[in-house]
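Here's the structure we're looking at; comments come further down.
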C-alpha cells in the first residue's frame, strides 16, 4: 500500500477553564453566564446548547471536545490528522476506510517527561448521570502484551477511581467499537483514558468517535419500563449500580445450576466470595419510574445459597434519598429457586408512608407521611455479610394491583399485610436497644436487629380476659391440604394465652392454644389447613392479668401438603424447621438444601433418598469448607418437649476419602442439662444411602443436632441427610418400619455389579486352572494299557 501522509502531531490542550463569567459560572457561546455546575450535565442549559459542546462527545475533527491531557512522563495524548490512505476502526470487527479526505483522532505521543507511566486524558467534570448512561468509542491498539488501553471513572468527592473497561496489547493490530456502562452517578465525575505503549517501531494506541449516550438523569430508554424480565435477551429495564463494590453478572450458570425460566437460559447472579469483591454490596437498579397512582405486585424467583451467604433486599428508592425495604431475606435458603412477592406502593397523588432506617441502625423504623408525588427506583441489593455463597435472580413479573397474602414472612421488611385489632396492639419491632418489651433477638436472624411481631400482655396493656388479634390477608387454596408453620415466644411469668384460629367463609375454627411453653427461646408450631375457600389465620393473645409479659410471633410460612410431625422431614417442600444456628461471634457454617442435580459449587449425592431421583431434595454439607475458620457444622431441630421413650430414624450419605476419615457425623442432644452424643459415624467412601436408628431420651426440653466435625484440615468430601422421622413415646423397637438397610445409589449398584463380575471371572479362571492341572497329572500317571481304558476317578489320580 501507499504510506499515508501524516500532519504534524497536535498537543492536546490542558484544562484551563478560562471564562469571562464569575468564579462559579461559565460562559455560553452567546455570552450568557450559567452556573458552572450545570455544564456537562447532559442537559442543554444554554439557549444555544454550548454548555454541552465540550463535554467529551467528539469525533476530534475540529477540536479535542473537552478532553485535556494530564500526563506526567514520557507519554501523552494528542491529536493526529492523517490522509485518507490510512485506516481506522470505526465500530466494525475489521478495519474499514474512513470516508473523509482528512481524519483526526486521539493518539498516544511522546511526552517531554522522563517518568515511565501511562498517558492520561480526562473529560471535564460530568454528570450527574442516569442509570442507562453509556460511553461509546472506537479504538485501535498495536502493542506488546505490556501495553494497554483503559477507561476509568474518577469521583473527586470521594477520592475514588473505578476501572470501567480495559484491553491488553497482543503484538498485533486489534480494535473495534466498545460500549462501556457508566451507570447512575449522583455526584460529578470525570472519565479518564489511560494508555501505555512502547512507541518504538509501529506500536500505537488511538481513540476516535467518542459519545455519551442516554446519560441525562430523566432519560427513559425504550426498555426502562420493563420491570418484567426473564433475562434471556438482556437486562430489560434493569441496570448495574456501578458505584457498587461487586457486580451482578448476566450468566448461564458458572457452576450454580440452571436458570429458572428454561433450565438452560440466562439469569442474574452475584458471587460475593470472588476475590475482587472486597466491598459490602451489589445493587441492581431500574431507571427512575414515574409516580404510580396504584400499587403493583412484583414477583420474582431467587436463589440464596452457600454455607456463609449474606442478605438479599428489594428496596424502593424515592427522590430525596428515602428508601423503603419492601422485602428481605438473609442466610442460606438452599441452592434451589424460591418464589417471592412484594407490593410496590403507590407514590402518585395520594398519601404514602416512607419507612426508613439508617444503614446498620438498630433503632425502629421512622415514618413520614407525604401528599406529594414521588418518582422512585426499584433496587435489588446484596449485602455481603457472609463470604461463601452466591445469589441468583430470574423471572421478574410486574402486575397491576397489590400482591396477595405472602406465603413466607419474616417481618424484616414489613408486617406482610397482617392487621391488628382488639384491646391490645400487636406491633412490629426489633430489640436493638435491649430495653423493648419483647424477645431480645428475633428468630430469623438471631440478632437484636431482627424484627418480629409482639404484643404486651401486662395488665396495663391487656387486662385479664381481653384479647388482641392479628389477622392475615386471605390465602388462596392451592392443594387439598396446606401447612401453616410459625415460631412463637411467650415470656416468663404470666404472659397469657396464644390462640390460633383458621377462618373460612366467615366461620372461625380454633386450631391451637398455647399457654404453658414459656421462656426466652423461640418455639415452632404448625397447623394443617384443609381449605375449601380462601382462608385467613388469626392469632389471638388473651391477657391473664400479670404485671408484665408479652407474646411474640416470627417467620410465618405456608406450604403445600399436610404438616409433618415435629422434627420429621423429607425436605421436599421445605426444611421443616431444621436450621443451622447463626452466631456472628463464631465462624459458623450452614448446611445447604438442594436436589440431586449436579452443581459444581455444591456437590452431593446424585439422587435423594425419598424419591430416588435427581429431582428429590435433601440436606447436605461440603466438608472442604471446614478449614481454618471452623471445625464443625450444625443442623438443629426445633425445640422438642421432654422425651422418655422416643426414636429418631434417618438416612445419611457420606462420601469422604478413606485416608482422611477423621471426619465424623454425630447426633447430639442439647438441653439445659448439657450436651450428649447418642450416635456417631466416621467418614468413609460412599456406600449409598445408609439408615440409622437412634433411641432418644431427655428429661427436659431439648434439640436434636447433626454435627460434622474434623480433626484434620482440609477434609474433602460431602455429607447428606434425608427422610428424618422422629417418633415420640413409642420407642425404636415398636415400629418395624424404618431405615434398617442400605438403599444403594446408582454408582454403588454399578460397583456391586462390577465386583460380582470380577469375582465370577476369578472363580472361572481358578476352576480352569485346577482342571488343567488335574488333567496333566492324570495323563502323566497312566500306563500304555491304561490309556485305552475308559477314564474315571481313582485313588491314584487324587493322590497327594
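Including glycine, each Cβ sits where the backbone N, Cα and C put it.
Keep in mind that TrEMBL annotations are predicted by a computer and have not been checked by a curator.
Here TrEMBL flags 21-33, 28-46, 40-55 as disulfide bond. The domain 'MAM' annotation in TrEMBL covers 38-217, 227-405, 407-565, 567-734. Per TrEMBL, region 'Disordered' is recorded for 423-444, 780-800. Annotation comment: TrEMBL describes 752-772 as transmembrane segment. Residues or ranges marked as compositional bias 'Polar residues' in TrEMBL: 780-794.
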Outside the region 'Disordered' (423-444), six or more residues from its ends: residues with CB under 8 Å to it: 330, 361-364, 410-412, 414-415, 450-458, 461-463, 466-470, 487, 489, 520, 522, 539, 541, 543, 548, 550, 552, 554-555
Nearest of the disulfide-bonded residues (28, 40, 46, 55) to residue 21 (disulfide bond), judged by Cα-Cα distance: 28
Euclidean distance between Cα atoms of residue 46 (disulfide bond) and residue 33 (disulfide bond), Å: 8
Neighbouring C-beta atoms (10 Å sphere around the C-beta of residue 55 (disulfide bond)): 22
Cβ neighbours of residue 40 (disulfide bond) where a neighbour is any other Cβ within 10 Å: 26
Nonlocal neighbours by CB distance (under 8 Å) for residue 46 (disulfide bond), same chain, sequence gap 6 or more: 28, 29, 30, 32, 34, 52
Winner by Cβ contact number (other Cβ atoms within 10 Å) across the disulfide-bonded residues 21, 28, 33: 28
Structural state census, the region 'Disordered' (423-444) (DSSP three-state): 0 helix, 3 strand, 19 coil
